[in-house]
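Just below is one structure, and these are the notes that go with it.
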Amino acid sequence: MTLLPGLLFLTWLHTCLAHHDPSLRGHPHSHGTPHCYSAEELPLGQAPPHLLARGAKWGQALPVALVSSLEAASHRGRHERPSATTQCPVLRPEEVLEADTHQRSISPWRYRVDTDEDRYPQKLAFAECLCRGCIDARTGRETAALNSVRLLQSLLVLRRRPCSRDGSGLPTPGAFAFHTEFIHVPVGCTCVLPRSV
């Protein structure tokens, strides 16, 4: 699975927001100040419609694309079985031959949904390593001879921040602006040699 198309789109979006979007930059003489929205202009939890149109491909980024399936699985799990374990599993090849990559890995991980109301997208899938070490492929059990570490993806998001609508510099109650920000999102885990002490 390649993440390149999604990353290229997010880089393009960042450039557009920085150079071509007057509603985020403010008026021509505001020197790049983002537009300050009132609660009436944009209700809490919503992003500007023009950003939603441009950000249609946001859903191609793995941390965004996984959210709906994770929430559906979590809903089913409440009725069918206990929640997924957070302990390092014993790897039994006969049980995981048709499982997803994160379950067949010798540094297995699970996903959780991270929610931030001041971020757009508000929900992202974060990977969490299940083992401190890695699983020995011969025994199927964890070994401390290797370490599991997270793989991080840089993702462009929009961050809501309080702003002033009257030019006083003091935040106007309920008003906010959108700022672009790159964050590091854990998308998986891999096995590495331990750092020497």
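Going from the start of the chain as shown, residues are counted 1 onward.
Using the three backbone atoms N, Cα and C, a Cβ is placed for every residue, glycine included.
Take the candidates Cys131, Cys134, Cys163; Swiss-Prot pairs Cys191 in a disulfide bond with Cys134.
The recorded disulfide partner of Cys129, taken from Swiss-Prot and restricted to Cys16, Cys36, Cys189, is Cys189. You'll find the Cα of Cys129 (disulfide bond) roughly 10 Å from the Cα of Cys191 (disulfide bond).
Listed disulfide-bonded residues: Cys129, Cys134, Cys189, Cys191. The one with the lowest count of other Cβ atoms within 10 Å of its Cβ is Cys191.
Across the fold, the C-alpha of Cys134 (disulfide bond) and the C-alpha of Cys189 (disulfide bond) stand 10 Å from each other.
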